[in-house]
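Quick notes on the structure that follows.
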Amino acid sequence: MSHRKFSAPRHGSLGFLPRKRSSRHRGKVKSFPKDDASKPVHLTAFLGYKAGMTHIVREVDRPGSKVNKKEVVEAVTIVETPPMVVVGIVGYVETPRGLRTFKTVFAEHISDECKRRFYKNWHKSKKKAFTKYCKKWQDDTGKKQLEKDFNSMKKYCQVIRIIAHTQMRLLPLRQKKAHLMEIQVNGGTVAEKLDWARERLEQQVPVNQVFGQDEMIDVIGVTKGKGYKGVTSRWHTKKLPRKTHRGLRKVACIGAWHPARVAFSVARAGQKGYHHRTEINKKIYKIGQGYLIKDGKLIKNNASTDYDLSDKSINPLGGFVHYGEVTNDFIMLKGCVVGTKKRVLTLRKSLLVQTKRRALEKIDLKFIDTTSKFGHGRFQTMEEKKAFMGPLKKDRIAKEEGA
């Protein structure tokens, strides 16, 4: 029989071809939200680092629904977002060929973790990046030139973006090289945008100045890499019958004799994962504050709610697996996001006008789970664990050694 008995849709989408390793590790923003001059000046994106997942309990606020006023348990992802540092301003002009850079101005002082991004091997380099450039800010001729640049940007540019980098020293990661990106400034006139950006040169921008509670955002990143995979795993094609000669996790017919080539649309083995992806409509459940010192005391209770008053941080017992402790500001997103732990993620304001009731729903968290994510966690805090377990042998030994 030369034809199949039943028709079936093809396996796997051709919309994501070529399925190869991403050329960039950090998610690229290919389009920023549309500018609206009537709104106040604001940033449209931010960088964060995926820490891990937990679950929450909340009450649904959806009048008319069967689940209204009922408690639901939902999975959430914690993305650590330490403040970003603004180190430059870029002006763009609109041309018939699209946007073109007009002027770029960098700050006088740039940290080493940012400079590392401009070198392949920081250890062997002379570390001279920006040493000549920063002198512009110190002599009169340089200052005049910078002022001239800012004025010409106000006159000719239509789009203003800032150059900002992350602060790796605040994170529990080994990497020292900061991630650097351009973030579009929206709202107000071009002059207002430029003044706003100028005021914030060398300043830190926290995440709560970019996003708000209950906002819908987009997450751009590179997925978890899986390596070289067979056709069944990569394209989810059907396994052949058990008695098939020469393997069954294959495609039986890869095309006609002529044309004597294999079409691009035929499922083949190859790279799976580590692809650049944009996921839209991730709801922010909480924008949490990092650890802070108040009246000489370290305040950690950023996972307490109105219903759960226990003094606990967002970190599960033992920290997030394969990440560590989240000590900075963080964002809690509904559901999962792309990438492995420690992966840098680009968080962008939504391109769409959100009108759905689910998108506009107010989120009121009742409980955030902080049990250990390594094994079957039972305790929310160390105090709860100590109260249940009682005095342990290791505590007694430590006491004796101390005495």
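Keep in mind that glycine also has a Cβ here, set from the backbone N, Cα and C atoms.
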### Message
If I look at Swiss-Prot, which residue among Lys30, Lys229, Lys373 would I find recorded as N6-acetyllysine?
### Response
Lys373
### Which candidate, of Ser13, Ser111, Ser152, Swiss-Prot gives the annotation phosphoserine
Ser13
### From Lys120, Lys136, Lys272, Lys300, the one Swiss-Prot labels N6-acetyllysine
Lys136
### Task
May I ask which of the recorded positions Lys224, His245, Lys366, Lys393 is closest to Lys286 (SUMO2 cross-link) if we compare their C-alpha atoms?
Lys366
### Query
In terms of Cα spacing, which of the recorded positions Lys136, Ser304, Lys366, Lys386, Lys393, Lys399 are within 10 angstroms of Ser13 (phosphoserine)?
none
### Summary
Across all protein chains shown, the one of the recorded positions Lys136, Lys224, His245, Lys286, Lys386 with the most other Cβ atoms within 10 Å of its Cβ is Lys286
### Message
Measuring Cα to Cα, how many Å separate Lys294 (SUMO1 cross-link) from Ser304 (phosphoserine)?
### Response
17
### Query
Taking Lys39, Lys373, Lys393 as the recorded positions to compare, which has the smallest set of other Cβ atoms within 10 Å?
Lys393
